[in-house]
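Encoded as structure tokens, the structure appears first; notes follow it.
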Amino acid sequence: MAQQKPEWGNQMKNEGLDDMTLLSKVSNDQILDNLKKRFEKDIIYTNIGDVLISVNPFKFIDGMYSDEVLQEYIGKSRIELPPHVFAVAEQTYRSMINEKENQCVIISGESGAGKTEAAKKIMQYIADVSGERGSSSNQKVEHVKSIILETNPLLEAFGNAKTLRNNNSSRFGKYFEIQFNQKNEPEGGKITNYLLEKSRVVFQLKGERNFHIFYQFCRGATPQEQQEFGIYGPENFAYLTKGDTLDIDGVDDVEEFALTRNAMNVIGIPANEQKQIFKLLAAILWIGNIDFKEQAGDKVTIADTSVLDFVSQLLDVPSHFLKTALEFRQMETRHGNQRGTQYNVPLNKTQAIAGRDALAKAIYDRLFNWLVDRINKEMDNPQKGLMIGVLDIYGFEVFDRNGFEQFCINYVNEKLQQIFIEFTLKMEQEEYVREGIKWEPIPFFDNKIVCELIEGKNPPGIFSILDDVCRAVHSQAEGADQKLLQSIAVCKSNPHFDTRGNAFCVKHYAGDVVYEGPGMIEKNKDTLLKDHLEILQMSANNFLVGLFPDVIDTDSKKLPSTAGFKIKSQAAELVATLMKSTPHYIRTIKPNDLKKPNILEGGRVLHQVKYLGLLDNIKVRRAGFAYRATFDRFFQRYYLLSDKTCYAGNNIWKGDALSACRAILASQNVDNTQYQIGKTKIFIRYPEMLFSLEETRERYWHDMASRIKNAYRNYKAFQFECSNRIKNAFRNYKLYRQRCAQTIQGYFRAWKQASPFFDLRMQNEQLFQGRKERNRFSMISVRKYFGDYLDVRSQSYFLDAMAEGRNEDVIFSSKSQVMVHPILSANKLSPRFLIVTKQAIYLIKLKQKKNLATYLLDRRVPLAEVTSFSLSSLADNLLVIHTSTQFDVAVTTEFKTELVALINKQKGTTLAVNFGQSIQYFKKKGSNNTVTFLKDEMHKEIFLKKNQFHIASGLPASTTVAKVRKNPSQVSTPSKPIAKPVAKPMVAKPSGGSVIMKKPAPAAPPSGPPVMKKPAPTAPGGAPMMKKPAPAPGGAPMMKKPAPVPGGPAPGGSAIMKPAGGVSKPLPSPTGAPMMKKPAPTAPGGPAPAGAPTPMMKKPAGQPMMKPIAKPQPTPMKKPAAPPPQQYIALYEYDAMQPDELTFKENDVINLIKKVDADWWQGELVRTKQIGMLPSNYVQQI
């Protein structure tokens, strides 16, 4: 498989080998030569199988860690791209996902070799690729990712320092565990820290610095913090000037302090806790400035009490108690098990300085541990899942003077080397032997003997001897170091140990190191004086007290744990944790001790190559196997690759796992030399073979996905075709429904437009029913209340006459006549324009001035003053409107019923309506006037004579208007002639004792020639109107179709002739206003007596009504020939108002199909063959 180089790799010429297992000649010199070639070309990473070798370049290589490079390594195997720390991170993360096992990355090497930077890149990669980048729905995941990245600057500030070998040397060890959820997203974490070099707080070698945070704080603190905590430049504090080095080349402490503050904020440390941290840092610096001066009697006293006072203020402890704790040591005499007397023993200057430094070291050590615990608290995840650990621990150190700290650091590195040997050399070879694999053992150095020298119990190791001496000398300092050198001589039997005067030498895997004996016992005790502990626990600062929860037990004889015991226990726990995980190794190399770029010292690097055991590692890798797995695990991973073990992604194998493994390898044509079968595992020799299997496995799913996609595309194409057909059918169906809906909506709008007027009319009819004879014009059921028959809003002369009322909403208007009372003549009717608004009644008269018609306001009556109405009981048109404060209004109008209804509706109440043969009302000038009403059958016109109205008889007072059918959907509407009957239309039942108007019988002509009445004028909107009657077949006059004329009764004109018959079905006019069709002709015998039953009237109330004829069921039997249909001729034109009705013209011939009831018949129009309902009084039989 050809390697694909990322962009940064393609920009440089590849020198040397990416994988040193491919060296033609294996030797340390060849390894050095390969590393040197690559280093000179800025290629710092090289592989030995799965082990990454990293050489510290001491410079930034442009593009090596960019986001583009990081993305290229996602999902790639280690042989596909050049060696890189991202490749190790990718393999670690994918191994956790695929193998479902914990992983760890062990980074080893000496101080300054680049371990910390490698650890940061590992965590950066895992945080970047795990989950969905920057878009995770889980806020906890995003928070943990932020903490993973921000712990590095925070812990580096408090735990790293400049040393002679490294400008950013880790002075503590940490093992960072990243915990993942089921979605493989980081959801928790834990940091374990090891052996902080707290002695650096009070002492540094020449050329070294204290921990970074002190210099950052001194230079980056705000003016307020400087004032409050007494912070100045680092040159002002004794603890920061021990090494005579205050700066690091290329490092800005102010910028670094800003990063440290930001890390605290991201991790979640609140401002008040940050303030306490900085306060304790200032206290430590000022403790270092406390100096002592000797006095007589080997005593000391504090030289400058102002410094003591300021330290007391920072620690929130009483100044005199702190002074006593620093100048004296509390002692207690004992008598057996009984406590004796306590007294203070003065300290000499050396003891006082040691006590002062011990106090500063204890505060910093507890503060550092608190920071680690605070980070762990933010990342705590109670649900434990898979884990990836990253070990970044101090590297192997050798100085001119090496003490207890270097001894502990090198011990931990010795343990890590032992783990490396166990996994890469010893355990691998032992496994080959155990599995029966053909193998030639390769000798290697096992450093187990060195580890036993340091941590052994029998014979005792160096740590055990240190603890024994500490217990023996207890609180005595004199002679402790000499006692150690005497006791440690028992280790001379170990070939890796030797004594040299006041020191001893240990032959580590990385070389011989001489450790100085003096001071080791005191540092191993690692105890805080009881006096100092007591003074800290009495502090008023709860944060400081929380750092020292120790319980002081003066009666306990148990000695506290030593530093050696703690580091040995922590190392054992670390090894146990690492052994439970699958390890991945990064071996770092330091190219020079000058910490300068582009310099590789051959001898220095060769020494590291040797003690790291790279040569042995290459030999074992070349002779060994790249991959091994149990039969079952291999089968479960790769069963997809053989047709014998898999079908459509399902496991179909029925045999044992070993046979399945053979079948899988055979199906992939793997040669027998490329693998071996052990007792329980299968071993793959070359990594290329393993990656080929993985690529085939991935391609299987790709091929399956392609097949599924093709099938899905075919299904989608089929679905699309079906969808188009359904859409077309549905579109046609929607068009059909739309056309139907439009037709229905047209009828519904017409019905809806008329419905409120009909309802208002039907309600108002109850006021008149049985109390006043009715005009035939009023009985036309189709006529709706139009209201504004004069169209006042478009007539400016009306608006001008109304003056202030011109902006009022008009609800009624018509031409009318009012009763006027001339002084010297009889009362008479005078023409007026009657306009009713929502506020008042207006009477406007037309007056001629200088041959010009002028409209003037005659009278205005507010609606609020209208109290009641009076009408006669006869068929006249007089309406008297009574008012509360003005004289009454006596007006004649064809629309009296509508006028009463609209005024009642506007006032929101039903005013009293009085009926009688005479009406008394107040006329102008405050006097009363009485008009009477007389029946006069000799005159068809209504006329007024001497306050008497002469009126012919009208329709009986019990006559009612037929209600409009409001449910046309229940009546079938055939679209073409059919032979079967149609259901009976729904006709409203008459109310109370009233009757519904029927077709009248023909009336006899009068003795003289018929008197033609003036046509009824209509409003501009189209008011009801009548035409002159045409002669009936018998010679009697018949009503013609009325022609529209401008608005209500003409002023000064006579009353309108009423139609001879009423129609019980609504017929709309083209303009939306009601329009009368031709009425049926009157009978030759003339009008019937008033109140007498005639063919035009239904049965009186109380008698049963004829039920509607039910629709007969069709029968399959052949019917006999139907008799010839009865034919009728249309007397008037009729426009259908509802879907089931028939539209016809005058003189059209109609075949009668069925008489549904007396009012409505079903017929067939001969001209168009259409079938529908028709009013019976509009036709006459031929």
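For all residues, glycine too, the Cβ spot is worked out from N, Cα and C.
Between the stretches 135-188, 999-1052, Swiss-Prot puts its region 'Disordered' entry on 999-1052. Matching 571-593, 663-685, 686-708 against Swiss-Prot, the residues noted as region 'Actin-binding' span 571-593.
Other than the site residues Gly109, Glu110, Ser111, Gly112, Ala113, Gly114, Lys115, Thr116, same-chain residues with C-beta atoms no more than 8 angstroms from the centre of those residues' C-beta atoms, the ATP site, are Asn56, Asn166, Ser169, Gly395, Thr588, Lys590. Within the model, the region 'Actin-binding' (571-593) carries an average pLDDT of 91.
Here the Cβ of Thr116 (ATP binding site) has 25 other Cβ atoms within 10 Å, regardless of which shown protein chain they belong to.
When Cβ atoms from all protein chains are considered, those within 10 Å of Ala113 (ATP binding site) total 25, not counting its own. DSSP assigns Glu110 (ATP binding site) to a strand. Summarised by DSSP class, the composition of the domain 'SH3' (1123-1182) is 3 helix, 29 strand, 28 coil. Of all Cβ atoms in the protein chains displayed, 24 besides its own lie within 10 Å of the Cβ of Glu110 (ATP binding site).
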